[in-house]
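Swiss-Prot annotations:
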- 1-13: compositional bias 'Basic residues' (COMPBIAS)
- Arg14: symmetric dimethylarginine (MOD_RES)
- 17-27: compositional bias 'Polar residues' (COMPBIAS)
- Arg53: symmetric dimethylarginine (MOD_RES)
- 217-224: motif 'D-box' (MOTIF)
- Asp632: active site (ACT_SITE)
- Glu670: active site (ACT_SITE)
- Asp702: active site (ACT_SITE)
- His836: active site (ACT_SITE)
Amino acid sequence: MTGRARARARGRARGQETAQLVGSTASQQPGYIQPRPQPPPAEGELFGRGRQRGTAGGTAKSQGLQISAGFQELSLAERGGRRRDFHDLGVNTRQNLDHVKESKTGSSGIIVRLSTNHFRLTSRPQWALYQYHIDYNPLMEARRLRSALLFQHEDLIGKCHAFDGTILFLPKRLQQKVTEVFSKTRNGEDVRITITLTNELPPTSPTCLQFYNIIFRRLLKIMNLQQIGRNYYNPNDPIDIPSHRLVIWPGFTTSILQYENSIMLCTDVSHKVLRSETVLDFMFNFYHQTEEHKFQEQVSKELIGLVVLTKYNNKTYRVDDIDWDQNPKSTFKKADGSEVSFLEYYRKQYNQEITDLKQPVLVSQPKRRRGPGGTLPGPAMLIPELCYLTGLTDKMRNDFNVMKDLAVHTRLTPEQRQREVGRLIDYIHKNDNVQRELRDWGLSFDSNLLSFSGRILQTEKIHQGGKTFDYNPQFADWSKETRGAPLISVKPLDNWLLIYTRRNYEAANSLIQNLFKVTPAMGMQMRKAIMIEVDDRTEAYLRVLQQKVTADTQIVVCLLSSNRKDKYDAIKKYLCTDCPTPSQCVVARTLGKQQTVMAIATKIALQMNCKMGGELWRVDIPLKLVMIVGIDCYHDMTAGRRSIAGFVASINEGMTRWFSRCIFQDRGQELVDGLKVCLQAALRAWNSCNEYMPSRIIVYRDGVGDGQLKTLVNYEVPQFLDCLKSIGRGYNPRLTVIVVKKRVNTRFFAQSGGRLQNPLPGTVIDVEVTRPEWYDFFIVSQAVRSGSVSPTHYNVIYDNSGLKPDHIQRLTYKLCHIYYNWPGVIRVPAPCQYAHKLAFLVGQSIHREPNLSLSNRLYYL
């Protein structure tokens, strides 16, 4: 592949008639119809320069079957089936929150000028979208035939239209409410087509929002961007990193939504990381690294759960299984009933020659059903030789050089990000075909980033032991300020084990010596560990643990020669379930650098203290009698994508002690079941610690997938309310439930001296880019050393507390300061990160519920 080509636009920007902002009134109605248009009417110029790298025949049309979408029937990604509502349209939670109906904005903090990656959508005056229902007599089943028959009358409906086989959208109103026309099939059969006007839709209707997004996807296709998942990428402008066998496709995320005062396009830079090796290449390499009789089992563990890209159609699939009984010569039944081999199918359909005839077949299960209440289509059967691995392995993520070389291209500064986003908007304004499409629909986009004002909250004071510290808000960490200061609460280290291998004896002694140096300043009393040498085998570690760990053992430290997952998992599983004891695993090489060994020993000592029940630092929290709950989910790929929900709750006023439980859920289920059990246990733990009950409970719910908000409101919140009613007569605490979302495409830039910079930590945004039907806000809480900072979105879906928006926002920011694995401000409230760590440990390593005797400790850090 060649290096990255420079983008070039042709054509002149066309003048626009006087336009009005779309969505300047924020009236939304629940429920909408999903419009599904035809493909773009014409090809535009390439977005980016350079020759196309698709294979010959790669754009061939399917003859009744698309193998990558299952074998039973054709599946069209843009127009097929009923889509999940990823943006939770129609979920209006603010209407039930009386105290924020009039205003949901706060006022505390210093005003700061910001801009964001949003562009207003404008339309010509009195714009409307006209929706028609199309009937055929006699009935025509095939959607393509329906389209061909209708489009014989483009002189009536015009060339600008969107049609899904039943519903037609036009930018104009036909003369008659009901119009009848006649068409002929190729066989000469007469067909009567009845076109009935069913809706005249205003610009802000939910149906129009869906329509805008589909039209915008059409524009991206005109610019020759390829859809992969939900985003669009430019395969003709690749960034090649040959030293690591990686390729990056640059692209964009896009969505058009109703925000506070207008409908806007939100677009951000996205990068798709591909590997230069196919799945078959990976299997061959892996075969030479493993024992032959274990190959199938081991390679399945490596591949299942990974996402692959099929370049012949630029689609991605998750590998759910490997069918070792099939190979390219195996046959399957096509939609027309005929049988064909994989070999022949790929040759005819995509001009792809398969060379290895003994390779197995990858299986990818579909996620979406066909239509409302429909059945799942058959699995996609994929050939390893034609599938490219995407993303990074754990080994790559831990390789400093790989991540550094990737970051050069993917970690963009605010100004670089604005420039790339601006490049897309420039193309939209300069591409003749794109402008023609927009002009026909009567739509256009602003050229400039949206600007508005945000607020910077007051910097928090950190209390550690008897001392109080300020920190530099620009860096948002206090590792230097608190070094050498006593902790809030310490546990004496009297009875502990240090297990090491012979070659790590020096590192083990060095660790103990440095722990003796750093612990006195923390206030920790420490005795020398019981040191035990073991062979560097998993079984040897387990045997020593079984023989040496007793009820009096406070903590076990294992010094490991490498970060081998199987060894780590076995140690954690035994000490978290069979023999509940806090544990700390340390890779020996991290102790090898003399210049950092003291800092690492300090961090290890802090973690050990936390895991034994100690407390490090706190911030001022004016709210009293309040329990904070954090919930997050992890999908365990090794157990059929079973989900684990981590549940963490504060059990003291200072929010320095935490109770934890986890819940196992069915395959792919995101929303938590069994919340009652967790909350009841947490309230018992609170009562045991304080001898009274909390009067407020504030839940931060992370790990909610796009489109699941309605289920959360209707299903999970009632579980909390039912649980509180069951505690006892007369107990009626105030409840607040806040959905936390890290994966957002919104970016904010601070304007300083004519340059764009990252906003300072503590920046709150609750205007312009929030949703009118929600009680929501953004906070930029952390600082980043390079690239662009990502905000976190908070959506208060239930609240009978009566707390002001300022109080909720400031509490949320305070909670980002008390995560004990990092002496600084993190991106989400600490209970969310604790819940994530718990769910991750259980899903990655333990695969069972941890022993309940560990519930009151941060053993999962």
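Numbering starts at 1 and runs along the chain as it is shown here.
Glycine is treated like the rest: Cβ placed from N, Cα and C.
A map of Swiss-Prot features onto the structure.
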residue : record      : Cβ neighbours (10 Å)
Asp632  : active site : 28
Asp702  : active site : 23
His836  : active site : 22
Tally of DSSP helical, extended and coil residues in the motif 'D-box' (217-224): 6 helix, 0 strand, 2 coil
Asp702 (active site) and Asp632 (active site), Cα-Cα, nearest whole angstrom: 5
His836 (active site) and Asp702 (active site), Cα-Cα, nearest whole angstrom: 8
Three-state secondary structure, Asp702 (active site) (per DSSP): coil
Average model confidence [pLDDT] within the motif 'D-box' (217-224): 94
